[in-house]
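Reviewing the structure listed below.
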Amino acid sequence: MGFVSLGCPKALVDSEQIITQLRAEGYAISGTYDGADLVVVNTCGFIDEAVQESLDAIGEALTENGKVIVTGCLGAKKDAAGHDIVSSVHPKVLAVTGPHALGEVMQAVHTHLPKPHDPFTDLVPAAGIKLTPKHYAYLKISEGCNHRCSFCIIPSMRGDLVSRPVAEVMLEAENLFKAGVKELLVISQDTSAYGVDVKYRTGFWNGRPLKTRMTELVAALGELAAQYGAWVRLHYVYPYPHVDEIIPLMSQGHVLPYLDVPLQHAHPDVLKRMKRPANAEKTMDRIRAWREICPELTIRSTFIAGFPGETEAEFQTLLDFIAEAELDRVGCFAYSPVEGATANDLPGALPDEVREERRARFMEVAEEVSARRLQRKVGQTLRVLVDEVNQDGGIGRSSADAPEIDGLVYIAPPERHAQRYRAGEFVDVKITGADGHDLWGAV
């Protein structure tokens, strides 16, 4: 690898980070153009003189080597007509990124000068070490949370929201798909807030600008997954207004019609004590609108029963909401004080037996709803990802079922050799039975 670094100390640090990553991945750094298989030019675009110096350096690298990736401030700069300056002057460059774009630069390097994977010398595969079955994986897009829910201490442990660079996220997703992952589960503490901390900064992926924002990321992940015949599933989607933008993507098949939205409660006074959005009526309207746009949508949520000060009337509001909203998958926890949570200081703490009794009543209603909704699937043919095959047949999951937390689809043993299936494969299953949690069917 050849490297040219121009500009201010901030650009120098960017160069150091890129070179560090290159060396960590086994790329050697050449001091000459003719000794390099590829050249990275980190540019400056602050003043006209710096722009010209950067353009000259790019031209020299193209003349002397011919394979050039451009990064830095000039990479993000446009001319009066709105065209990228670098691409307009030097159309032969292989890729262009803006500043502070380690992920985008490395993705371009991997595209144009792949480092061969040698199983005898490389101890870590490109997709990384995973503890899940090889056909599904979790993709964390951010760390931390900006909310201060009174029952939660995650911000004190993990800090405020820090979004991963969008190109870094996309590169990891691509590596996972290449490694055979058939289901990508997008996670974070607050998936909907992705990019808020960087003001939805525009990054680059495959030579195209891509905003650091949930809607744009989900669309790009869906497009990438389609190339590998894979699923994308969204988790921990805080109910911001822009979540409404995701539903059309689900109805169009870009990502699974599955939304994990942690609602926590339905009574406005309880939600206020929780420091959560406090308009259950609006939430119900949104759920109706989502299902109108995407009728096959599965909604999962989690709730807390027995929160400090919760009255029987407030709890009944929650039960009524669950029955009316007909949420497909729910989990409910009896409130438990967590050391450091501000909810511990709220008046009206309920006895353990009351909290547990309310949780049990909640789950009774939720299971009745689940049984009704699952019964409607009998007779349908569902696409199922097989997780396991044994002598009794197969066990898999439909688009409505996330691993570990939702239901399963039990698949009868194949009657013919042509119907045989393996773990990690998709099969079409005719549903023949259902209970309150799981489905049964045959290929």
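Our numbering is plain: 1 for the first residue shown, then up by one each step along the chain.
Quick reminder: no glycine exception, Cβ is built from N, Cα and C everywhere.
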Further [4Fe-4S] cluster 1 ligand in Swiss-Prot, beside Cys8, Cys73, within candidate set Cys44, Cys145: Cys44
Closest of Cys145, Cys149, Cys152 to Cys73 ([4Fe-4S] cluster 1 binding site), Cα positions, binding-site residues only: Cys145
Fewest other Cβ within 10 angstroms of its own Cβ, chosen from the binding-site residues Cys8, Cys44: Cys8
Non-site residues, in chain order, whose CB comes within 8 A of the mean position of the CB atoms of Cys8, Cys44, Cys73 at [4Fe-4S] cluster 1: Leu6, Gly7, Lys10, Ala11, Thr43, Gly45, Phe46, Ala50, Gly72, Leu74, Pro99
Surrounding CB atoms that lie within 10 Å of the CB of Cys152 ([4Fe-4S] cluster 2 binding site), all protein chains: 21
Counts of helix, strand and coil residues, the domain 'TRAM' (375-443), according to DSSP: 4 helix, 31 strand, 34 coil
The domain 'MTTase N-terminal' (1-114) - residue tally per DSSP class, helix then strand then coil: 53 helix, 19 strand, 42 coil
